[in-house]
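Novice: Structure incoming, see below.
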Amino acid sequence: MYILSVGLNHTSAPIEIRERLAFHTEEEEMALVSLHQEKSILENVIISTCNRTEIFAVVDQLHTGRYYIKRFLANWFQMDMQLLEPYLLFFEEEAAVKHIYRVTSGLDSLIIGETQILGQVKDAFLSAQTIGTTGTILNQLLRDAIHFAKNMHHTTKINENAVSISYAAVEVVKKTHADVSNKKTVVIGAGKMGTLAIQNMTGAKITDITLINRTDQRAKETAQQLGIQWRSNQELAAEIQEAEIIITSTSATAPIISKEAITNIMATREEPLTLVDIALPRNIEASCADVPNVTLFDIDDLGDVIQENTEQRQALVAEIEQHLDLACTQFFEWEKQLGVVPIIKELRQNALDIQAETMVSLTNKLPNLTDREQVIIGKHMKSIINQLLKQPVSELKEMATNEDAASQIELFQKIFHLKDNEEEIIPQITTEKVGEKA
């Protein structure tokens, strides 16, 4: 078995490709099940955010696993495989394990050190677990990665004072206007990113903010919490007509603001319009940027603001990377020890069988033992078994991590008269680089 990661992110694919390959919440379960039915796929989890779509899988062969995951993505998103492949990133074995740690810790994010991805990984893991597409390997790997990320955030504080996409959105607005305090601003979307954008705008002394959401109740509740005004979704066109700044962050699967609408609006006014689209898929048609007197920013245009923050955090990234190497080593030690679990079970069962036989013999020779006395004797016998097996089991796990593990384990089995049944041994994930077979 092998661990494999296939996907794309903000470093490998532009936004117009990323939005085409984004899984929507309502199709998540179907996608997991469909991928799980592909040949070679033994376990899988799908992580899909505004900046990445990645599949982490346990496969029986690397070359077939790569092919069937690529085919799945191409078929699911109705995209030619040859067109898709240049944007894909592949990580195998140790590189794949390290990658999931980096992703979960926020080191691979557009915003270095951000914590939102940790919650997204946890949600993706829970979904896959619930549906049943993860197993022994991915369950352990993802639990370890989540624990590692939490620990690193706590010890390094890398997530403190990190910019967010919402913060960057407000910063680019401030750079395009000499004074933003009195600009009529409309925020479309009352989710987490929209809420953060509003909080950053109020912090920037922008006072004329109107919130619009798909559901009016959510808009009303959020606006009241943030101390701003709100309008019904039915009033969207009228609000856009008067706005000088518009920030969008909805989960709509198609643009909600078209070039035609913006063209008509700008034909009746002289004031410039700034559009900031921090959604994926995008909420605003890219061609709106061609309309005179309109400035359009999307997620990929926020790089300068984000880069300034990233440079300040590189020392913390290096510190986390050092801990990350140790965490990966510990995971693979666990995986190697997983291969001797059947041997440990057999050793323990043999000891319990001896205990049971001894207990029968003892009760035959001492028929007057009460039930309570038999229970006490049984507990003490199990305690002796646990103490006797503790050291051999510990040594066996250590053997599993050695270079000559196979010969040492074979000797262990002979000493304790255990079966040499290779079929019962859980297959191990190799930590060596394995080339693709023809």
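Residue numbers in this text run from 1 along the chain shown.
Backbone N, Cα and C define each Cβ position, glycine as well.
TrEMBL does not curate its annotations; it predicts them automatically.
Look at TrEMBL and you will find Cys50 tagged as active site, nucleophile. According to TrEMBL, the feature substrate binding site maps to Thr49, Cys50, Asn51, Arg52, Ser109, Glu114, Thr115, Gln116, Gln120. TrEMBL lists Gly189, Ala190, Gly191, Lys192, Met193, Gly194 with the feature NADP(+) binding site. Annotation comment: TrEMBL describes 6-156 as domain 'Glutamyl-tRNA reductase N-terminal'. The annotation domain 'Quinate/shikimate 5-dehydrogenase/glutamyl-tRNA reductase' is assigned in TrEMBL to 172-304. Positions annotated as domain 'Tetrapyrrole biosynthesis glutamyl-tRNA reductase dimerisation' by TrEMBL: 321-418. Residues or ranges marked as site 'Important for activity' by TrEMBL: His99.
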Novice: Between the residue listed as 'active site, nucleophile' and Met193 (NADP(+) binding site), what C-alpha distance do you get in Å?
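Specialist: Each residue's Cα considered, the residue listed as 'active site, nucleophile' and Met193 (NADP(+) binding site) end up 11 Å apart.
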Novice: List, in sequence order, the residues of the same chain other than Gly189, Ala190, Gly191, Lys192, Met193, Gly194 whose Cβ lies within 8 Å of the centroid of the Cβ atoms of the recorded NADP(+) site.
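Specialist: The surrounding set, listed in chain order, is Thr195, Leu196, Ala197, Ser249, Thr250.
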Novice: Could you say whether, by DSSP, Thr49 (substrate binding site) belongs to a helix, a strand or a coil region?
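Specialist: SS state of Thr49 (substrate binding site) = strand.
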Novice: An 8 Å radius from the center of the Thr49, Cys50, Asn51, Arg52, Ser109, Glu114, Thr115, Gln116, Gln120 Cβ atoms defines the neighbourhood of the substrate site; name the other residues of that chain inside it, in order.
Specialist: Gly106, Leu110, Ile111, Ile117
Novice: Measure from the Cα of Thr49 (substrate binding site) to the Cα of every one of the binding-site residues Gly189, Ala190, Met193, then give the nearest.
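Specialist: Closest candidate to Thr49 (substrate binding site), judged by Cα separation, is Met193.
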Novice: Helix, strand, coil residue numbers for the domain 'Quinate/shikimate 5-dehydrogenase/glutamyl-tRNA reductase' (172-304) per DSSP?
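Specialist: Across the domain 'Quinate/shikimate 5-dehydrogenase/glutamyl-tRNA reductase' (172-304), the residues distribute as 57 helix, 26 strand, 50 coil.
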Novice: Minimum Cβ neighbour count within 10 Å among the binding-site residues Gly189, Gly191, Gly194: which residue?
Specialist: Gly191
Novice: Could you tell me the mean pLDDT over the domain 'Quinate/shikimate 5-dehydrogenase/glutamyl-tRNA reductase' (172-304), as a whole number?
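Specialist: Averaged over the domain 'Quinate/shikimate 5-dehydrogenase/glutamyl-tRNA reductase' (172-304), the predicted model reaches a pLDDT of 93.
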Novice: Under the DSSP assignment, what numbers of helix, strand and coil residues are found in the domain 'Tetrapyrrole biosynthesis glutamyl-tRNA reductase dimerisation' (321-418)?
Specialist: 84 helix, 0 strand, 14 coil
Novice: Tell me the Cα distance separating Gly191 (NADP(+) binding site) from His99 (site 'Important for activity'), rounded to the nearest angstrom.
Specialist: 28
Novice: Within its own chain, what residues at least 6 apart in sequence put their Cβ under 8 Å from the Cβ of Ser109 (substrate binding site), listed in sequence order?
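Specialist: Counting only residues 6 or more apart in sequence, the Cβ neighbours of Ser109 (substrate binding site) under 8 Å are Asn51, Val103, Ile117.
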Novice: Take the C-alpha atoms of Thr115 (substrate binding site) and Lys192 (NADP(+) binding site) and report the distance between them in angstrom, rounded.
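Specialist: It is 13 Å, counting Cα to Cα.
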Novice: Judged by the number of other CB atoms within 10 angstroms, which among Asn51, Gln120 is the least packed of the binding-site residues?
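Specialist: Counting other Cβ atoms within 10 Å of each of the binding-site residues Asn51, Gln120, the minimum falls on Gln120.
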Novice: Count the other Cβ atoms sitting within 10 Å of the Cβ of Met193 (NADP(+) binding site), across every protein chain shown.
Specialist: 23
Novice: Highest Cβ count within 10 Å among the recorded positions His99, Lys192: which residue is it?
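Specialist: Its Cβ has the most other Cβ atoms within 10 Å: His99.
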